[in-house]
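Asks: Here's a structure for you.
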Amino acid sequence: MKILWAALVLTLLAGCRADVEPEVEVRETAVWQSGQPWELALSRFWDYLRWVQTLSDQVQEELLSSQVTQELTLLMEDTMKELKAYKSELEKEVGPMAEDTKARLSKELQGAQARLAGDMEEVRNRLSQYRSEVQAMLGQSSEELRARLASHLRKLRKRLQRDAEELQKRLAVYKAGAQEGAERGVSAIRERLGSLMEQGRLQALTSHPLRERAQAWGEQVRGRLEKVGSQARDRLEEVREQMEEVRVKVEEQTEAFQARLKSWFEPMVEDLRRQWAELIEKVQVAVGASTSPPSQKS
């Protein structure tokens, strides 16, 4: 009878486990159904970790060659990069949010992000430790190491899932706060614009006489400017004519002065030229007389 009861209990427990475990898998998969790039990157890390947890022969081989830790490192970096980019996009939208609320939400978000990064780092470190432990066994049985690793990985996956869900919630709150602040900002701007438009309408009604006076004054100023411009053009033309008359007079006086100088100096030049010619002639006569040979006596 006890054997039958024991068999019945084991059957019930096995059935409960068979019913519960698929729900856990479905829940784990459903967590990452959002379309944000950082969540898709984390989903790839999650799926790869689930494959590592099988500890199959291929996993064992790649663990010993450090290929698994290298792949996890790349997936971690990709997740953190996408998460940082998404957070930056949200920070651009939180302008209208109150500063104290913004600081509180940002601090909570940073804490959740740090916990997720720490979980991923611990997974990688634990796998590196396992590789070192297996290599130190020098060919001995490593079943106990694999069992401890499998248990540790299950705990790490649960913690990773919990912290990832917490980060999702913090990001959702942060985004909701940003949207609420933006809506308040838009509402305030809309009210301000409405007030300004009403003020502008009232000012337009009251400023109509002022506009007419301003237009009349503008026409008057424009007429005066045109008159001044016309007078300036006339004056400029008059000055140009006077300058032309002065130029003609200067040229006439210059020509007269040149003619007078010519009348003064030409007689003197002619007289000097004549005297010079006479002097040359006398010198030549004198030189010729002094060089002629004396006459011979018979």
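Just so it is clear, glycine is given a Cβ too, placed from its N, Cα and C backbone atoms.
Not my notes, these are from Swiss-Prot:
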type	residues	note
REPEAT	118-139	repeat '3'
MOD_RES	SER141	phosphoserine
BINDING	LEU156, ARG157, LYS158, ARG159, GLY218, GLU219, GLN220, VAL221, ARG222, GLY223, ARG224, LEU225	heparin binding site
REPEAT	162-183	repeat '5'
Asks: Could you state the whole-number distance in Å separating the C-alpha atoms of LEU156 (heparin binding site) and SER141 (phosphoserine)?
Replies: 24
Asks: Need one number: mean pLDDT over the repeat '5' (162-183).
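Replies: Across the residues of the repeat '5' (162-183) the model's pLDDT averages 80 on the 0 to 100 scale.
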Asks: Just give me the nearest neighbour of SER141 (phosphoserine) among the binding-site residues LYS158, GLN220, ARG222, ARG224, Cα to Cα.
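Replies: Looking at Cα distances from SER141 (phosphoserine), the smallest one goes to LYS158.
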Asks: Below 8 Å Cβ to Cβ and six or more residues apart, same chain only. Which residues does that give for GLN220 (heparin binding site)?
Replies: none
Asks: So, three-state DSSP: helix, strand or coil for ARG224 (heparin binding site)?
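Replies: In the DSSP reduction, ARG224 (heparin binding site) maps to helix.
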Asks: Tally of helix, strand and coil residues over the repeat '3' (118-139) according to DSSP?
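Replies: Here the numbers are 20 helix, 0 strand, 2 coil.
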